[in-house]
């Protein structure tokens with residue numbers, strides 16, 4: 001009995017990780033235990049030892065004469081007692097009767113087993129039992145089980161549609177009435193069969209020559225907005241390939257085309273001929289933007305390439321700041337900054353390329369991570385340089401405004417719906433945004449107050465792309481319902497125009513006219 | 001003629017088990033669709049019980065439900081299933097948002113080879129239709145699930161049942177301060193299923 005006690009004590013001492021209080025019991029405690037548990041000869045011997053200062057029971061290793069020593073000290077006053085033979089004033093077990101080697105081996109050997117078999121699993125079992133008893137009590141008389149493999153979670157970024165529906169807000173009635181008339185119905189509806197329902201592509205662009213380029217699957221059609229003629233520009237050779245992005249050069253005579261086969265092509269529209277085909281990307285090219293002779297292309301790989309379209313070695317720079325598909329790409333009107341938005345929810349601002357091989361330009365000037373979803377909608381303000389508007393996807397739904405000079409966030413508004421595209425008006429201090437679920441509407445906002453001027457509804461599926469006519473009066477929206485709708489939402493009142501013209505003649509400077517040279 | 005109609009109205013333990021587990025399949029899918037746990041575009045319309053029920057087309061989810069219901073079927077056949085609970089938890093906080101409880105009362109006297117009971121299939125289908133309809137209608141009173149949610153299925157069985165290898169014991173996932181709404185019930189005379197939904201009462 002006592003030997004086991006000792007072994008346990010020894011084990012706890014050897015562990016060294018227990019608090020000191022868990023060390024060997026105080027002697028008086030041990031004695032008390034012994035006297036309580038085994039009320040036999042040991043007890044007697046202890047009693048005897050009190051008086052006689054000797055007589056150690058050989059069977060107990062735990063007996064030290066400390067107490068008896070004290071006793072004798074007390075009884076005999078200051079006289080130093082003679083230490084009895086084989087006994088000390090410290091805890092010294094009877095070494096002859098203790099097989100240290102064996103016990104050490106046993107202690108060390110059984111330590112791990114003990115830990116698992118005797119301490120861990122029963123405690124776990126107890127814990128579980130206690131938990132289940134506490135939680136549902138025995139009265140329930142049932143066992144609650146659940147399948148170990150859990151149900152697959154909903155796809156990342158998925159948001160409960162009901163949330164969008166319930167948080168949707170109609171234009172408040174108190175909002176200031178627009179001074180101008182905005183037609184609530186589209187001026188024209190064009191069919192766009194087989195337009196890809198893919199948020200990450202950019203399939204619509206309107207040239208300065210009034211050609212609207214529309215990608216329908218593997219084909220590009222040009223709609224001449226002046227005459228209404230339609231011509232097919234190209235059709236992908238491979239059935240599985242599709243056009244993933246289009247962008248007109250500023251002059252309007254060339255069209256840049258990004259494809260799912262990771263090519264960037266350049267087309268001469270007048271002759272309907274491909275001028276060049278530029279390779280270099282490893283994944284589909286979902287976004288394009290021109291800066292005079294430099295074409296920037298963003299790919300699904302997250303890389304942005306700058307192509308100098310004049311020279312044979314077109315690939316002049318690679319910007320790798322995104323970890324996922326680049327879905328928004330836009331050069332600022334002055335050509336100083338490139339804004340890129342990715343599916344990694346990042347918005348990067350890049351400085352313009354000065355030297356072609358300069359690596360210092362390959363780090364973003366600013367990186368904004370405030371959006372909670374893919375950043376596709378990007379638009380630079382035409383009248384206020386360095387003002388950028390960006391819109392986030394389903395999980396974010398915010399339009400944010402950035403000052404690129406200072407790198408600060410100016411404003412953010414929750415639109416309550418996926419933002420797929422933003423365009424600034426050239427005529428008014430307004431911007432228009434295209435949205436997805438629940439109303440698939442276009443919203444016109446006053447800037448900088450961001451009050452809603454109008455909501456244009458009509459699309460029956462989410463809006464994917466928008467483009468503005470060269471005169472700035474009409475906005476075309478392409479949606480997943482396979483229609484293109486033309487909204488004359490920034491129409492100019494002729495009378496007002498006349499007044500303005502006369503006034504500009506007089507003062508020769510008006511903020512509104514500032515952009516026209 | 002008479003024999004065939006008699007056959008139609010006869011309910012055996014096996015048949016009752018089929019009916020109830022089928023109901024669970026459609027019921028759980030309805031809940032997942034109506035509560036927006038999974039994107040609506042992953043569901044397809046199916047005609048059942050004289051209703052249009054939305055069933056998931058997500059392969060992983062289908063496999064999961066099949067595996068769970070296979071075990072549930074065994075318990076129904078043993079008449080040891082007491083409850084089936086669909087717990088809807090917030091993905092981020094793991095907080096229980098909703099608890100759909102189906103109490104199953106099994107008639108323990110029925111054995112696989114005992115005499116079939118009498119109840120017309122039409123009547124049972126009508127009762128089930130009522131329950132499914134109520135699940136659909138519940139969207140109107142249940143609070144909006146603001147965050148992304150996951151679901152879990154709990155099975156309450158008799159105490160003496162062994163836990164199958166692929167299953168584990170779980171807590172009851174109660175909702176503190178919950179509001180409860182009792183839904184309709186249906187019975188196949190062998191299994192009686194009571195439906196109930198509990199949701200968080202925030203105010």
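The backbone N, Cα and C atoms fix where each Cβ goes, glycine too.
Looking at A:58-93, A:94-129, the range tied to region 'Disordered' in TrEMBL is A:58-93. Which of A:476-496, A:497-517 counts as region 'Disordered' depends on TrEMBL, and there it is A:497-517. Residue counts for the repeat 'WD' (A:456-488) under DSSP, split into helix (H, G, I), strand (E, B) and coil, are 0 helix, 17 strand, 16 coil.
Distant neighbours of the repeat 'WD' (A:236-277): 196, 201-209, 211, 213, 215, 217-220, 222, 283-290, 292, 295, 297, 299, 305, 307, 309, 314; these residues of the same chain sit at least 6 beyond its ends, with a Cβ under 8 Å from one of its Cβ atoms.
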